[in-house]
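> Below you will find the structure I want to go over with you.
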Amino acid sequence: MGNRIMGALRRLNELGNQYYNAPYRAAIARAKRDEEDLFMLLVFSEMMGIPNPAAWSTLELQPLLMDRFHEWHTRMGMERSPLDHFRCC
Amino acid sequence: MSAIILLLLGLGGMAAGYLFYSRFIANRIFKLDPNFRTPAHEYEDGVDFVPTNRYVLWGHHFTSVAGAAPIVGPAIAVIWGWLPAFIWVVLGTIFFAGVHDSGALWASVRNRAKSVGALTGEVVGARARTIFMIVIFLVLLMVNAVFGVVIAKLLINNPGAVVPVWGAIAVALIIGQLIYRRLIGLGVVSVVGVVALYALIYVGPQVPVALPSEVMGLSANASWILLLFAYAAIASLLPVWMLLQPRDYINGLQLFVGLILLYGAVLIGNPTVVAPMINVDVPAGTPSLIPLLFVTIACGAISGFHGLVASGTSSKQLDKETDARFVGYFGAVGEGSLALAAIIAATAGFATLADWQAVYTAFGKGSLTAFVDGGASILAGGLGLDISVAATLLTVMAALFAGTTMDTGLRLQRYIFQEWGEIYQQKWMTRPLPATLLSVVSCLLLAFGAGGADGSGGLLIWPLFGTTNQLLAGLTLLVITIMLVRRGRPAIYTLGPLVFLLAMTLIALLLQLKNFYDKQDWFLLGLDLVVLVAALLVTLECAAALKRAFAEPVEQS
């Protein structure tokens, strides 16, 4: 009995969350993407000649972000990788 | 007459409409197919296209389409007596709104979940799409202007509601942060939010706030309108998760709580409808019932705005095509029940006929104020609430609905300006801030232009808002009708409402044109002309597109 009530409550909570989030999923995903784009720019800024005081830290992140690099530069309107020594496509 | 009879007849009629007529439309006309792969599955991306539980989707759909408009319209229209408004709301919901809303969902689902705007371009033609953009802009412009005026009036009428109305924004901001930063679960937040809101409603009447009657030459009404637009402009620029999302959520909860309370109070208190069945003694200057009734009550009987919600967002989340009947048609029934509550509040919430007549002294009087005052006395009689708390509760409910519509409306208007900026290569117009300012200025011009420096006459444009909203509905019905004709199915169930709507809209516009001319109100005359031109264009487009569609060979569906 207790389990069933807990299950029903969990289901209710799940539906409530859907109700709360569904109308704004797209707007929030877009905002998140914009934030991530800015982050990519910060991480790769040194390579493009923009001085970055935190270069020592961001350098470590570059391999982790490689997967997203191609997607990012195409979204930024650059068909090919903007970095000479850094080809992804 | 007892209000319970009105309530049961209305709800019973709409329930029968859902059970029988919507089944017929879904099975025989739209031929909804449970095996059709909906866009939510076809293009599932976890963001826009997500198959969603139909009850959740209905919840959104209903709370997005229901707002202050289905309250304002009926509360104005009862000036002709309760019967005409009642009949139009019930029959309109059954034969117009339900078919229109579920049809918009069906049309969109069958066309890769495109919005009605894109569909008019694709199904009808490029010219129709341009008209559509203009009509939509006019709808947004008018709804923002009217709602600014309406909320200002509510706040002046009930100073006790000022604290809870603005306090609700603070509550929403806090809820937004709590949820976004995942500090507390949604369940706890909902309970805390609703309790905080009702605590504010309880406290509000004890700390009434009234603006000074004149600030820098502006009346209190004008100052509130300016403050409201300043708020809406800021709100429309904030990220959605910060204010809009939690506000919508609270409003959704409020809507259900408010409806249950009102209907409960009617059932317990059994108030008497004091307004006449048909008002033979309407105040001087009241326009003729036909056609004005059909544009005064737009939302609540049929509204083009629903097509936008149905096609733009709901259609991308429809799990099965057959859910269109529940989400679309039953969503319209939900809105119809809100309009019914507004009719009952504005006709049965007064002690005597003389009290009612004292409120409805001219066309456009009454409206939300009558709903709040009438509804409050029903709540007080049925549930034993303190009358000032009950009035504050309904004022908050109405002001929150109207306020959310305003900030969403301004956001949409801004997108249109930004789009025009791109089309006409005006770079400055593509930025959010200038585009928002343009939207605000155009709305303020309308609010003050229609009512003079104190902004009191904004409700004069309500019927014009209704006509533009009906034009929008007409365009959606046109898309559905053409799709039906191309599939060789009976088109009368959408063509009938389309012809009726266009006829009523055109006659209403012409009558009002004469009325504004007689009053020498050149501002409204100009606005009426703009809408009239749009209406004529829509009518011509309908005629041409239907002629083409009937001439084409039937496709296989």
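Glycine is treated like the rest: Cβ placed from N, Cα and C.
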> For the annotation transmembrane segment in TrEMBL, which listed range does it cover: B:374-402, B:403-431?
B:374-402
> Is it possible to list how many residues within the domain 'CstA N-terminal' (B:364-508) are helical, extended or coil according to DSSP?
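Its residues divide into 124 helix, 0 strand, 21 coil.
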> Go through the chain and flag residues at least 6 beyond the ends of the transmembrane segment (B:224-244) whose CB is under 8 A from any CB in it; none is fine as an answer.
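Hits for the transmembrane segment (B:224-244): 144, 148-149, 151-152, 155-156, 169, 172-173, 176-177, 179-180, 211, 218, 403-404, 406-408, 410-411, 414, 432-433, 436-437, 439-440, 443-444, 447-448, 455.
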> Please identify the stretch among B:85-109, B:130-155, B:186-204, B:326-354, B:433-453 with the greatest number of Cβ pairs below 8 Å relative to the transmembrane segment (B:492-511).
B:85-109
> Let me spell it out: take the transmembrane segment (B:523-546), skip the flanking residues so only those 6+ beyond its ends count, and list any with a Cβ under 8 Å from a Cβ in it.
124-125, 127-128, 131, 134-135, 138, 446, 449-450, 460-461, 464, 467-468, 471, 474-475, 478, 481-482, 485, 495, 498, 502, 505-506, 509-510, 512-513, 516-517
> On the 0 to 100 pLDDT scale, where does the domain 'CstA N-terminal' (B:3-347) sit on average?
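Averaged over the domain 'CstA N-terminal' (B:3-347), the predicted model reaches a pLDDT of 91.
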